[in-house]
């Protein structure tokens, strides 16, 4: 009997040297002796699953070998040192290798370094192949299980075959018996003396055979019935219903995970932070931000567990009782929805604390958040109810009417839709806050003014900023050269209170320029350029020079005044910017005069003026309000009658720019231009009868009301109240008129051709001019009483000078150029004249002056609205000549008013000039001119990818920019008469399809595979250049043509396309993918600077969602103004991209090639050409 095992010594030595040279792991380790008393230092080398050890690293022969296959290696705790031990165990790390053999002792090793120890343990674990053994064992078990199943199936099949054979034998036997019985029956009939007992026995046998045959026929018929049902529409509907439920389970799991992140990554850590010694946030703010979030998470965890239990009992899916559990808890959702806008306001307010902002960024940087912000997680519950509604729609579509769950599902859907209507409005109302926070996150340095939730976003776009020269002026030639330079390009964001000027860095991030945060409170807008007389003459003689620049003069309190010069790309864009800036400045100053609300802008509070008129915030039968405030700190209108909307348009106390934009965009839906113009004319001609009583009460309130609006008069003229508006009067010793337009509170006043001396009206008996009540609320500096001293005979320092019956303030110059009366002007008059007459003035004189103030305020409002209407909605008058002539006739009538102020007369003349002069446009070629040009078409090969990309971008923008915004209302592009209702949208769609056909035709016209590959790669290069040009429409034109079935099926062609080109295609398709409501495309549009050509289909999808989800009128026949506001926001973004033109030179040959559709093939011809190039292969 063999007692030992022979090994090849040479082979072992060779493997040891190989391990020593190329082993997985090598190094010196301490090995415990066999008697467990001493440690010996050995040199170990690991090769595959063999562990060799040597006496030292220079030994050529191994001292021993361990086979590691199947072993277990793990760290071991350090043993307690004995008192006599001299070794220091604190720096030594132990691990053991346990073998699966019965008689094999465990190997104990130690190292000096913890990293070395961990690496040895990992290497030995990998060398043990234990994972492979475990997987092998698992697979073997599965294999044995499958073998058992196969054997069982074979046994069952054998038994079934045996039963069938037995049945056939039994049938044959029974047939023979039947034949014998029939013969016996004939004998019985011929011989009636046969005993009856034998007859009964035969009859029983016959019945038995009949029963067997009936059973066999029934089973076959039942099998046929089941097979027919499986193929029936009802079974198909049930399968789809089950699939909807399975999808619902996946979506619910994802939603529960989102809520889990919201609670565990944000809510609970912030609660702990609020309990710290220096809390960055209070417990009240945490509760306000995360109201009911934890409860909603628990609710959906229960709902998810119930849904999983229903899936476990498949195919019997009963879901109605689950929704019955969910419906009573909807009030929790309703509270969350109503609090959503307030929670975002509180969050924005808390982010002004740097400690909180830093802590929040740490939470958002966690891997679970996947770069999503807290605002995103707070918005997820707002979209869950619509998701349930869509799921219920699909369930009901595949649920028969007689189904037991039909009524319960209908009821659940109706309840959820009722809540969804509320949520739809709330989500739209918070869009402005989310927009501001998104822009604030894009700015690298941050921008605290955007955390003010009363800020309303107005517009954004690219302008050229021109630096001022040393003398403060710049020549027109220098201006023209700078307008094309990249370094002067700025990304500008206009809000209701601030203008923010940034530069765009790499990665789409924004950087605020020097003096880039401009407070509009301190601004004066100058629309016309300033230059020398020689320059002006030269410009007037040259017709090709356009005045595209405008100035914003900033006079802050604590800093030296400075001027910002901005240049637009076209006259239309300049008009839009100056109109919006002017309106914002007017709103601020009007609000500053009328209410004391500029302190604590971030607080969610209602100004005192609003509280004094409940019709501005309390719901009534003909008006409903939301919780969101507009730029004037007045609650936004959700639903209202046409009369109330027109009343708000002509309310003299305020005019929010966001309300004005929404009204002028959408008034055609619920009224007509003639009605709006009639209302403005009525306000002008009969201001007192047309103004609501509530406005008159606030215009001329009692002395107590004046205290409420303006505050107590200061006890000393030096104690002036701080206010955010510029001073209506400032004092200088010289006056020199020039050509600048200044929107200020200083107006010359004329009353019936006679000068009205405000200084004289305000003089007190002691000879001091009592100006504190009118000036101090609006002045930014302390007034010196000595400068206001007026004697009874000669004014030592006159505040006003007289010029041809006109009072001219010595601090402001008259405007000889384009001018408009600011909204704040009339209120300055109202403050100075209407509310501060001395006791010696008769009552009738005071009443006459009040009427004069109302007429001035009404004239100002009418001119303000008309200017905005004419400058930003000129197409209303281009398409309606009768309306244009009515406006011109009305303005000419206004100009003949003898009491009209000079600035009002100039404003009216300015509007008439805008209406009558022809818009020079941007000198860009039109699409009609291109199509009419006679030019020879050159083939695709003769044009470079850059030329094609530039001309395609130019053509796409020409088609896109002429779409009038009226076509975006009413989903006209989806109606039967879409070509008549939305001709320009249909032209854009046709242009998109023609270009896509042109590209596919160009690819399929090449018979040679290498030529086709070259054409594909060239078009991909065109698409990538279009990406750099921000032409996302062309990217979709090209990618959609590549995804057509006729092109996509060309397998041999795509195999030869380079890997780099395929990578570019994947990147482009990911950018313009419709996944997540074009999530990536929206992000790109947000980060890009105009000019840009967006994909129009994305906006049409948004508009269709709004139109289908909300009606134009409520059940009470009120206008859904919240819906109009949502549509207006989308139109504003579209018009922003329409107004900025590309500076691309027109190339006739390339453009003609792109527009030539004569050689383009239709869809059927394209597929035939594809089959001809690469025929189908039989599989």
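Note: Cβ is positioned from N, Cα and C throughout, glycine not excepted.
Automated prediction, rather than curation, is the source of TrEMBL annotations.
Looking at 150-191, 192-233, 234-275, 276-317, the range annotated in TrEMBL as coiled coil turns out to be 150-191. Given the ranges 683-710, 711-738, 739-766, 767-794, the record in TrEMBL names 711-738 as region 'Disordered'. Helix, strand and coil counts from DSSP across the domain 'PH' (22-129) read 18 helix, 42 strand, 48 coil.
Taken together, the residues in the domain 'PH' (467-586) have a mean pLDDT of 73 on the 0 to 100 scale.
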